[in-house]
Amino acid sequence: MSKKKEEAKALRTPIVAVLGHVDHGKTTLLDRIRKSKVVAKEAGGITQHIGATEVPLDVIKQICKDIWKVEVKIPGLLFIDTPGHKAFTNLRRRGGALADLAILIVDINEGFKPQTEEALSILRTFKTPFVVAANKIDRIPGWQSHEDTPFMKSYAMQEDFAKQNLENRLYNLIAELYQRGFSAERFDRISDFTRTVAVVPISALKGEGIPELLLILVGLAQRYLEKNLRLHIEGKGRGTVLEVKEERGLGVTCDAILYDGTLKVGDRIAIAGKDEVIVTNVKAILKPPPVREMRVESKFQSVKSVTAAAGIKIVAPNLENVLAGSEFEVVESEEDIKKFEERVRKEYEEIAIRTDEEGVVLKTDTLGSLEALINELRQEGIPIKKAEVGDVDKRDVVDASANKDELNKVVLAFNVKLLPGVEEEAKKYGVRIFSHEIIYTLIESFVKWREEERLARERQKVEALIKPGKIKLLKEFIFRRSKPAIVGVRVLAGELRRGVDLIKPDGTKVGAVRTMQKEGKNVAIASAGDELAIAIEDVTIGRQLEGDEELYVDVPERHAKVIERDLLDSLDEETKRAFKEFLEIKRKDNPFWGK
């Protein structure tokens, strides 16, 4: 065998994750690649895997024939198309992402949506290189589609009006990526693909732009990922579990991606379970039938062995407690099992160990989602008391209730069930449960609630403070001189509340406001500009007061300190001035008063 052939064989198929918001075109893109005219000619050229589609290099070359200029060693591309969030959060392996590359599909006309945000945050967590497919260019006003044509060729045939519409949408999309910390540009304007995210305008429906999209993926894999694609063909099989599900007639099975080595029927494998490492023997390895028959569900082809990279279904005993998102490995000895157990334990600790004494309780469906959510919560500065995989039980509620801060008495549940009695327990202990199937939405709703609660508490604190106020006694409205003195006043600045003490400009205490009446009705509070009658205790007009003075609300020292430190900017100018005058009165004898 020539050296060149050996090299080609030594590189495994790169794994490409296809991510994006629902209805933005993930399935349409893969369907288009599967059903392109080329594929029809090369009967059976594309292999359908469990949760994945393998596109060999020959097919990619045919699709890209008009623009193919590169010498390539990789055998093709394996696209992972597991539905829903699982495609995001389970695509993990030790030391990062299971996917070597990703396509982030965004509807160019709609821009970013919650699942787009989620996909980006996971790509960031796992440091996965990605390309943005700006889909649905066929819906841009004025755009004339040319089926299966490279984007640049189609773009050259468009009217200026359509080109401008495309550029405007691209500009918005690139700006959205930039706001999230990614430098991006249209693919043909990039010189260094390691520093800038390539944006490829495509129509998954019409096939436009798909040649460039595939070419860029192949180029990125070939140029920047070659080291990661070295394959130990004879080595032990290693992979990641995408989903654990029951199949009629087979029992509980694992859908998995084999990313290294070879897996054979009869191999002994170790997989991370919910409470312990599960060691079992592979009874069967299943793959779907060829593409042309793939719509026939429930029919699988049994194979004796499989080499990476591949999407497979593993049939084996004792898979009930396997964790989706966890790794599996072929083990040949007790020592192998011990090493695997130690690695799993360390990995789980690395993900969940950095917990805080005070913080929220986090429960997720997989290790991948746990890792992604911890990362997102840390970025938001939210403390985490406990982070685990599994359904929410009463113990989680009790743990959350033990927090001192009410804002941390929270359970965040991502794509897991609330076990019976949990909601009643939460009501009993005053614990809030947030549950959602989209990471971005779960965190957004929690952060929004937390901020609203924090502001409500601040408002309550502010409400409880005695605020600054300045009043003028109206001499022509002295209704009673003593026991209590009743006099008309005008509020000059700030506010006047029932029960506050009053002082003179020289600091002499006057007495407390017992009651307040405005237009014959009792009131508890009056604001600047109001005129009303007030009853003042322990004072006689004509002795302690003349009846035409300006008086200040005697703000307690503790309250004055908070107002000066935290609330000064929220006061209007008149109130601010009155408060400063009040502080000067107090600090005449004691310069450190209220500091």
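Cβ from N, Cα, C; glycine included.
Record features, source Swiss-Prot:
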{"type": "BINDING", "residues": "20-27, 81-85, 135-138", "note": "GTP binding site"}
{"type": "DOMAIN", "residues": "11-225", "note": "domain 'tr-type G'"}
{"type": "REGION", "residues": "20-27", "note": "region 'G1'"}
{"type": "REGION", "residues": "45-49", "note": "region 'G2'"}
{"type": "REGION", "residues": "81-84", "note": "region 'G3'"}
{"type": "REGION", "residues": "135-138", "note": "region 'G4'"}
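For Lys26 (GTP binding site), the number of other Cβ atoms no farther than 10 Å from its own Cβ, over all displayed protein chains, is 25.
For Asp23 (GTP binding site), the Cβ neighbour count at a 10 Å cut-off comes to 13, with all displayed protein chains included. DSSP labels the residues of the region 'G1' (20-27) in these numbers: 2 helix, 1 strand, 5 coil.
Note on the region 'G4' (135-138): DSSP counts are 2 helix, 1 strand, 1 coil. In the structure as shown, the Cβ atom of Gly20 (GTP binding site) sits within 10 Å of 25 other Cβ atoms.
The 10 Å shell around the Cβ of Ile137 (GTP binding site) contains 27 further Cβ atoms across the protein chains shown.
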